[in-house]
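Visitor: Below is a structure I'd like to ask you about.
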């Protein structure tokens, strides 16, 4: 060794030599590594080449050290990695035609680098963990082919509208920056190509609505920001988005339509936020959603219709929330759900049938809840899960398993019952399943005769290696594995677990009553028992209970425990299913469920009001009632269900609006309408009268009349309308002068002129009026002289014939008044009885239309028929008199003869004379039925046969029929007896018409209302002139002296002048 130079320590010299040698060794090794690449081109130092990768990472060299690379890149280099160096800037131009990817992660770059000509070919640029403060669009415009840009873990604070030039970028990662603001339109230049955006771990507190106008974006991540509220339409514009991740933001509220517009999204991750409720408002529009993860939130409730817009869910994670109950509608609509995680909540209530909609569910996780009762109570909580293969129930404080606990789980293969202190398992509890794996560990089993089956079942199904079960009772078997217990040791010497002896009973009560429910249980153990009452599977805390214990010695000593639940002043909120749970140290037992139903009698909120309305209008009746259960509303008309409006499809019932409509009201709709409210507690009704008003009209057209002098003229004015119109008559546009020859019938609808003379001819006007208007009609009466009468013959018996005709009319009136009055008394009596049976008519006044005078309100309701009209026959018009039927007068010889009537040509005769002359007259029937009847009645009947009685005021239309045309009665009246004695047998012709009194109106087509006749006071005398009727008088032109009949004095007087009524009109 050479001596050390003077002044230089030997140790220092040796150190320098070692460093030089190590560097030379490094250079030699590098050269050896680069030799393989030398054949294809030299690999620049200090990089490593693995074509197409040029790896220059982790060299910790500054930028000036890399200038030598500018022209030394291998020709096939496509990937360049400068990560983990100390690059603070880069302005080195590279020469490569194949470079596509550049990674410069974990450096100290402050801006986006430029690589010269190869920059335009780069498709991937990763600048992770640098100190770039902003995105410069000018720097990015040199990257026209760039598809992936990773700027995560920099110090970028905002994304501006000008941050990105128009480019075909597909992947953008801006996570772990300091971004607080996203300017509107900041991603617009990337909208045609961007597929993935990551903005995790930034400082954004809100997302402006419609900020993402990226129709092709498929994946968006916003995890670990500071977003608290998501507004509606925030993500509108992301039509192709498939996955959205927003974990750990502290989101407390998702407003309605928050995710609207995400029509193709399949995955939504919202874990570790502060959501409190799942509802359809913020799920609106997610029709393609398949995975929803909302674990680690504060969700307390699932709305009944929460899943209406996302019924394609296949996986739902609701674990680690604060759910306490699962209502019946919690999972409605999720028929495609395959995996459901409800673990680590506080569920204590599962409604019956809550899982019945999940027919496709395969995995259900309910670990670490409080649903022991679902297994212990045999409530069939899992009914409907026909496809379930895996059920996790660990950590639910389950103490016993009933034989019905797993009914419906035909496909179950994996059952996890770990961490439950199970004491008893009923035989055949797992018979409904096809278990391949059973996880069970318990040391609390009550090893009595009821558990003997379990040992053999575990062996037969090869589960003895996957379970860890041991006995706790009886004491001499405590701690022993059930697999080691002999079968003869499973005995039942007592019943330590409580047994229910008295179950609460189902009760139906009225609101306000007090209700008592009783539950009794017995146990052979001295272990104290306690009782808990549940309503609809939820524990009742603040209730009034009475508990007592006594010893029961019917089959050995036992402890009997009784609990009485008192419910005072029950209301509708008390309705439900009640159940008692008796518990001691050895387990719990559940009573049957008793249903409490609280009813309330219906009461009306709206009652129908009496209504008066015109024909053709719309009738509207309101009726609403409340009660519990809600009463059913129905309608009746006049105590029945026959609605003319319903048959004609004019009736409309609006149950939601409590309104009953009748369109285009008609007269037949008039009546009493009853609103019936009925529920299980009872029923009641309210009535309203519908009065239909109709303007006056002519039921039958008015017809002109032509009569022969001396005949009786009947002028018909058959009126219709509601209320019944009042009729007045005028003659020749002036007052009608009423004499003893003028009579009115059927409420002035018939004007009868007896012994018509030439002075009676003229224009007669019928004026009908009611509150709705007035109608007029004209009838022209023509009186012609008889061509066959001479003066001598007309003087014979003229006076007697006229007065006999008057007598006939009076007799008819009297007889019909009596018969009709009796009929109306009976009809009115039965109508009132019927109304009292089914109706309670409102007493309020009628509500009249504005155009109807108020005096109509005093006319009463339809339960009392109005004068002149009957409600029950409002649309029926009966005939006044039977037709003549072509009656032909017979002479004394049995052949056709002539009838003598009063004529004397009426030119110079005194029509009020007591003596009248007779002339022969051949009867010719007229076309009008009513005139035929009256004419034949007045002319054909012998005047000798009548017994005249004083007439009475009548209100019946039938009064125009003579008693001779009435059917004989079983009990003849005095009048009929006298008539039978006085009438000659020769006058009782077999052809005389026999018609009942009550058929008159029907045959004439007139309504029931009676006619009003002016009262006539007579002094009746009986006139008999036998043989006169069969004899034809000798009425020659020269003979003026004719036989005269015996004179009779008749005094006619009237209580009311019809002329007064006419003038008043």
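Backbone N, Cα and C atoms are what each Cβ position is placed from, and that goes for glycine too.
What you see is a predicted model, and the numbers here were worked out from it, not measured in a lab.
Quick paste from Swiss-Prot:
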- 121-142: repeat 'LRR 3' (REPEAT)
- 240-261: repeat 'LRR 8' (REPEAT)
- 264-285: repeat 'LRR 9' (REPEAT)
- 288-309: repeat 'LRR 10' (REPEAT)
- 443-494: domain 'LRRCT' (DOMAIN)
- 602-691: domain 'Ig-like C2-type 2' (DOMAIN)
- 808-828: transmembrane segment (TRANSMEM)
- 829-1065: topological domain 'Cytoplasmic' (TOPO_DOM)
- 906: phosphotyrosine (MOD_RES)
Visitor: Given a Cβ distance threshold of under 8 angstroms, which distant residues of the chain, six or more beyond its ends, lie next to the repeat 'LRR 10' (288-309)?
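Guide: For the repeat 'LRR 10' (288-309), the nonlocal Cβ contacts are 263-280, 315-327, 329-334, 341.
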Visitor: By DSSP assignment, list the helix, strand and coil residue numbers for the repeat 'LRR 9' (264-285), in that order.
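Guide: So the counts come to 0 helix, 5 strand, 17 coil.
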Visitor: Can you work out which residues elsewhere in the same chain, 6+ from the ends of the repeat 'LRR 3' (121-142), have a Cβ less than 8 Å from its Cβ atoms?
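Guide: Distant Cβ neighbours of the repeat 'LRR 3' (121-142) are 97-115, 148-160, 162-165, 167, 173.
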Visitor: Under the DSSP assignment, what numbers of helix, strand and coil residues are found in the repeat 'LRR 10' (288-309)?
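Guide: Going by DSSP assignments, the repeat 'LRR 10' (288-309) contains 0 helix, 5 strand, 17 coil.
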Visitor: Tally of helix, strand and coil residues over the domain 'LRRCT' (443-494) according to DSSP?
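Guide: Counting residues by DSSP class gives 21 helix, 12 strand, 19 coil.
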Visitor: Please average pLDDT over the repeat 'LRR 10' (288-309) for the predicted structure.
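Guide: A mean pLDDT of 96 is what the model gives the repeat 'LRR 10' (288-309).
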Visitor: Would you mind splitting the repeat 'LRR 8' (240-261) into helix, strand and coil residue counts from DSSP?
Guide: 0 helix, 5 strand, 17 coil
